Amino acid sequence: MSENKDPHVAGSGDSGAGEVKFVYDFTEGNKDLKDLLGGKGANLAEMTNLGLPVPPGFTITTEACKTYLDSGEEPAALRDEVGAHLQALEAGMGKTLGQADDPLLVSVRSGAKFSMPGMMDTVLNIGLSDKSVQGLARQSGDDRFAWDSYRRLIQMFGKTVLGVDGELFEDALEAAKVAKKVSVDTELEAADLKKLVTKFKRIVKTEAGRDFPQDPREQMDLAIHAVFDSWNTDRAKLYRRQERIPHDLGTAVNVCSMVFGNLGPDSGTGVAFTRDPASGHQGVYGDYLQNAQGEDVVAGIRNTVALAELESIDKKSYDQLMRIMETLENHYKDLCDIEFTIERGQLWMLQTRVGKRTAGAAFRIATQLVDQGLIDEAEALQRVTGAQLAQLMFPRFDDQAKVEQIGRGIAASPGAAVGKAVFDSYTAIKWSRSGEKVILIRRETNPDDLDGMIAAEGILTSRGGKTSHAAVVARGMGKTCVCGAEELEVDTKRRRMTAPGGVVIEEGDVVSIDGSTGKVYLGEVPVVPSPVVEYFEGRMHAGADDADELVAAVHRIMAYADRVRRLRVRANADNAEDALRARRFGAQGIGLCRTEHMFLGDRRELVERLILADTDAEREESLKELLPLQKRDFIELFEAMDGLPVTIRLLDPPLHEFLPDVTELSVRVALAESRGDANENDLRLLQAVHRLHEQNPMLGLRGVRLGLVIPGLFTMQVRAIAEAAAERRNAKGDPRAEVMIPLVGTVQELEIVRDEADRVIAEVQETTGVELKLAIGTMIELPRAALTAGQIAEAAEFFSFGTNDLTQTVWGFSRDDVEASFFTAYLEKGIFGVSPFETIDRDGVGSLVRSAVKAGRATRPDLKLGVCGEHGGDPESVHFFHEVGLDYVSCSPFRIPVARLEAGRAASTSKGSDHR
Ligand code: PEP
Ligand code: MG
């Protein structure tokens, strides 16, 4: 760390005390200065300070980039500051940049705080010119190496700094190989490369309209500016919008003295992980390529060897690398990935960062590091995510199965799906109705495919990325999806798909798609249940001798999370089966029982009669039939959740769901009329359906409005709840019912319903002789409810935020319409980073939640607060609900473990919520 308190301010030895410092030597930075030095620069500095062999260099700060981007010019002091650091570098290396007889060469690399696509690639070998290439040849004693380095510089510089089409260089290189009748670049000799240099320079001149610069400092400055400019490429800007990375961070630039992996067989370059990123196990993982430079290892131009083979190639470097890897792991206390180069037997570290890993490895590594004493339990919680846990909970294809992979696309929505290939929605629906499992295969999907997507087990497209229509809609439905599998040629007209190698998949052939890896297989691949789900279900025990290592790790991390979390986690469940599963998964109650689900199927007709009843007698008749059915539902729920709170929401149906389809009914009546045998009942029904038809059912007669206009409906439900609770009490049970009123917009609605509910509950107490303590509360799911939460809290003992409806009404979106129609465009344009139906919109919907929490608690300090919209199971949103001080989140049973984990993570990072 620099001695200055403020790292932005130069010390007296630099450009003058008090002035902003724009350039940091690698010895001056550290890993915590990522904002200023970018990820790469901060880690290079950290390794330098650890005494690891990092080629000397310096980093130009993001502040310099910001000034350049704001004003169009680099900061006035930058040129001199870079000059001073370059001089120091030259003094240390004993040679100057581009020196004719023995040139110092440098690389220029971009390095923002977050790595992002679209930023400038590295330019290596800066400092080479027509003159210094001769010096390099003499110094290295290797003509071929010198000319190869020079042609690489012109190629990389031409492409990335001067904007010349890279293919032109590739084509010329290919032509040189063909002319020489060789297949790999290493077989080109010095003379060939020299000719190639001439050709490359010609390409630059023609395409960029200028000569390739021969002045080394000019090369370096142009490359630095190109890095700055690359911050604003379209790709980088779009990525930042989508990932919500601020546009004003800027990028740092790293200037590093070159070391060479292409100096012959005793040189090379490689990548390595300090442990296996797939399993977390310690060992030797990585790839090495002899006599190669830069991106050659990952570019796949020649076959690499496993890192373990380096031991026999260069034992000394190998041993040193192993020691360095251990140092890095112990220092970063995590899996690191690294890039290194060996120059004539001397090992150099070019990069390190905390490495990416699979979901399973994340859990294993976190617990391994706890066991090694490197991190504590709180830190282990931060090393895993709910998204990773969710991934581990999907069923997956059996690894042992023999498979025939025919392609690979983007893993757009996780899961493993098997079914018969169909190429249009109509067939998907028709076949699935006859009991077939189908995979809907399209080039891309559009809103017309919606029903087919619902009918299919999974969706496969050959075009589009993670934000394509198929991907967005499938994720919303929780349906497996692989998209953008471009190598698969989909011909919807001929109902077939052709895979590379000519494999043809006709309609009806079975395919299997893996939405977690993007892989597509021919035939049926057996699916195995997730061991993590088996564990949550109680069918696998973490402590058993043969327990899966992964399950044991998940078990431990979940225990830490449960210990520290403040948020309780409840389930959205409407029947005993879901309630029991939720309980096994750790639910601490039911936060939302949607009673309308209890009225579908056989009972739909009873509700239809209730809604259409003309007389009190007819209405009472249907209510009388419904009451015992409802009561039985509630008894089962209270039994499953004995001792835990169960929030029952009174009926909130979109009305049309309970009425016959208007078109179908109209056709029936019209046909009957034309035959002259119209049925009186149908005619009456049609009239009523027309009367009740709504243009916008979402904003129509639903929720509390329905309870207020259909006499007796809510009364029947409250009675069923109260009687069920009394019966459970008599059976020595411990029912904890809570009555919830949906879609309230004003306290007056709530008061009317509440008075009636209190009356019914008192009546049931009276007749049964059982004392009942039923809390009565409301959902907050309309902007007006949130805005008048202080008043509403007068009549509510609890609030449960219905963030599904709140999102719809705050944005003015009808979810069913907008997700399928224009969300793709919004996501692609970066208007959303993620759908507001997936992750809470903190600034809009979230701000209403925040203020309603405050106002509600101001009125009633012991007001219980929860959320039961789908956001209750979304990792990012759980953190928000923790922050605003809710008491619980409620989500679908399957997401309960994710919510528990994220609630734990939120509690262990936050310094306390802002309301408690
Ligand atoms: C909500 O609106 O968030 C909610 C839970 O209710 P529903 O999704 O049933 O409308
Ligand atoms: Mg709702």
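Including glycine, each Cβ sits where the backbone N, Cα and C put it.
TrEMBL: automatically predicted annotations, no manual curation.
TrEMBL lists Arg594, Glu781, Gly802, Thr803, Asn804, Asp805 as substrate-binding residues, and of the candidates Arg539, Arg649, Arg860 the one it assigns to that same site is Arg649. According to DSSP, Arg649 (substrate binding site) is assigned to a strand segment.
The substrate site, placed at the center of the C-beta atoms of Arg594, Arg649, Glu781, Gly802, Thr803, Asn804, Asp805, has further neighbours from the same chain whose C-beta lies within 8 angstroms: Leu592, Asp652, Pro742, Leu743, Met779, Ser800, Phe801, Leu806, Cys868, Gly869.
Note: the Cα of Gly802 (substrate binding site) and the Cα of Cys868 (active site, proton donor) are spaced 6 Å from each other. Secondary structure by DSSP for the domain 'PEP-utilising enzyme mobile' (436-518): 21 helix, 27 strand, 35 coil.
Across the binding-site residues listed here (Thr803, Asn804), the residue whose Cβ sits among the most other Cβ atoms within 10 Å is Thr803. Among the binding-site residues listed (Arg594, Arg649, Glu781, Gly802, Asn804, Asp805), Glu781, Gly802, Asn804, Asp805 have a CB atom closer than 6 Å to some atom of ligand 2, in sequence order. Across Arg594, Arg649, Glu781, Gly802, Thr803, Asn804, Asp805, which the record gives as binding substrate, the greatest C-alpha separation is 15 Å. All protein chains shown were included, and the count of other CB atoms within 10 Å of the CB of Arg594 (substrate binding site) stands at 16. When each of the binding-site residues Glu781, Asp805 is scored by how many other Cβ atoms sit within 10 Å of its Cβ, Asp805 comes out lowest. Counting only same-chain residues six or more apart in sequence, the Cβ atoms lying under 8 angstroms from the Cβ of His469 (active site, tele-phosphohistidine intermediate) belong to Glu444, Thr445, Asn446, Pro447, Asp449, Ala820, Thr824.
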